[in-house]
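These notes concern the structure reproduced below.
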Amino acid sequence: MWGFIIFTITVYIHTDPSVTVFRKFLQIRTDHPNPDYEGSTTFLLEKAKEYGIEAEVYRGTGSPIVIMKIEGQDPTLPCVCLNSHVDVVPAVVDCWKVDPFSAFKDEKGDIYSRGTQDMKCVAIQFLEVARLIKQRAEKPKRNLILTFVPDEEIGGTGKGMELFVEHERFRQLNIGLCIDEGLASPNDTFTVFYGERAPWWVHVTAVGNVGHGSRFIEGTAVEKLMRTVNKMLQFRDDQFNILHKGHSECGKKLGDVTTLNLTVLKAGLPENGGNAYNYNVIPAQAEAGFDIRIPPTVNLQEFLEQIKAWTAEEGLSFTFANYTDRNEMTHLNQDNKWWSCFQDSCKQIGITIVPEIFPAATDSRFIRNKGIPAFGFSPINNTPILLHDHNEFLNEKTFIKGIDIYMNIIPNLLNL
Ligand SMILES: CSCC[C@H](NC(C)=O)C(=O)O
Ligand SMILES: [Zn+2]
Ligand SMILES: [Zn+2]
């Protein structure tokens, strides 16, 4: 009994307060489809007040965006913005070993919850960085801005970053550099993302001849669709081979090739109130949907022509469920003072960073398309990549070390 009490008191005493803030933030239900944005906003505003940081809630996009500011010595200089999305993807409760919104911490210090990696860790690490910078006697040279935005997990569209970057309030922030989420790294190194692949979701519809299922009907919708699907899957194979069977010295990563996945297939006439299919009527229409991710080095206009060529046969058409005609990256050359500073800061603390193209899509793409440099960097190493996965976790020591890593980078960027 006494042993248990002493153990509990010891754990309590040794728990870093930032871990408690992190766990409380994880417990706020910002999972889709009904994220509690008022709950996360109230929480963030309370923390800003407690830390003496200026904060406002911008509601111009239709959902709350929390903006925090620490004024620099020269507020006219472009600022450093730390952006986090506050929403998280849903969790399949039965597939988790603990309640995915309990922020349960085990004896090793592993904290299990939806959002531990994606990206409530980074949101609270940014907040703790702001607290530490605010406590310093000397102001940084540039303004530090923190933005906490909704709806990244549903594509940033609607009320999220895609709309916010078009607003005057965003322009007024005068952002020189944005830091947003990256990915965990399973080994000792850390990954920094300087660009992303453009997500194109293509929906192909085929129409064709109908008739009795016992005959050789020609020009059917399914036959046309299959020809296109096969051409597109051949392209997928070619890209797969470039990634996996290329020369080892070319060192291609997932972000460097185009992926194409057939994610939607639809044909056949429903029968019996939708509980069964009809098998002897050739369907007039068939559809296929593809998730295509295109690296920023690919010419998007030329790729569009490729899709047109794949779907050129009479009776085929396509629409986009998601499309962009711009995909800017942040150039990592000598002229990029932010990058030089970021690299030097990492070198000083002896951590190895590996620059890569982010394989999926984050809010950074909207920032880069406005001509603003952005790095995707989550200071998490030696941790499996578990974003959107069951039993997503982060160790508390990794979380605390991440604050330290950011504290060795962000003040340098602010003083550039
Ligand atoms: C088209 S926007 C969808 C955004 C989502 N982001 C992540 C990180 O999974 C994705 O890449 O599928
Ligand atoms: Zn994320
Ligand atoms: Zn995500």
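The backbone N, Cα and C atoms fix where each Cβ goes, glycine too.
Note: TrEMBL annotation is automatic and uncurated.
Annotated active site per TrEMBL: Asp87, in sequence order. As annotated by TrEMBL, active site, proton acceptor applies to Glu152. Residues annotated as Zn(2+) 1 binding site in TrEMBL: His85, Asp118, Glu181. Feature annotation from TrEMBL assigns Zn(2+) 2 binding site to Asp118, Glu153, His388. Among the features that TrEMBL reports, domain 'Peptidase M20 dimerisation' is placed at 195-315.
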Listed binding-site residues (Asp118, Glu153), ranked by Cβ neighbours within 10 Å, top entry: Asp118
DSSP-derived helix, strand and coil totals, residue by residue, for the domain 'Peptidase M20 dimerisation' (195-315): 44 helix, 39 strand, 38 coil
Contacting binding-site residues, sequence order - His85, Asp118, Glu181 vs ligand 3, Cβ under 6 Å: Asp118
C-alpha spacing of His388 (Zn(2+) 2 binding site) relative to Asp118 (Zn(2+) 1 binding site), in angstrom: 8
Euclidean distance between Cα atoms of the residue listed as 'active site' and His388 (Zn(2+) 2 binding site), Å: 12
CB within-chain contacts under 8 A for the residue listed as 'active site', separation at least 6: Thr30, Asp31, His32, Pro35, Tyr37, Pro150, Asp151, Glu152, Glu153, Ile154
Among Glu152, Glu181 [recorded positions], residue with fewest other Cβ within 10 Å: Glu181
DSSP three-state assignment (helix, strand or coil) for His388 (Zn(2+) 2 binding site): coil
Fewest-neighbour residue among binding-site residues, criterion Cβ within 10 Å, set His85, His388: His388
8 Å Cβ shell about Asp118, Glu153, His388 centroid, Zn(2+) 2 site members excluded: Val88, Val89, Gly115, Met119, Leu387
Mean per-residue pLDDT computed across the domain 'Peptidase M20 dimerisation' (195-315): 95
Check: same-chain CB within 8 A of Zn(2+) 1 site center, minus His85, Asp118, Glu181: Ser84, Met119, Lys120, Val122, Glu152, Glu153, Asp180, Thr362, Leu387
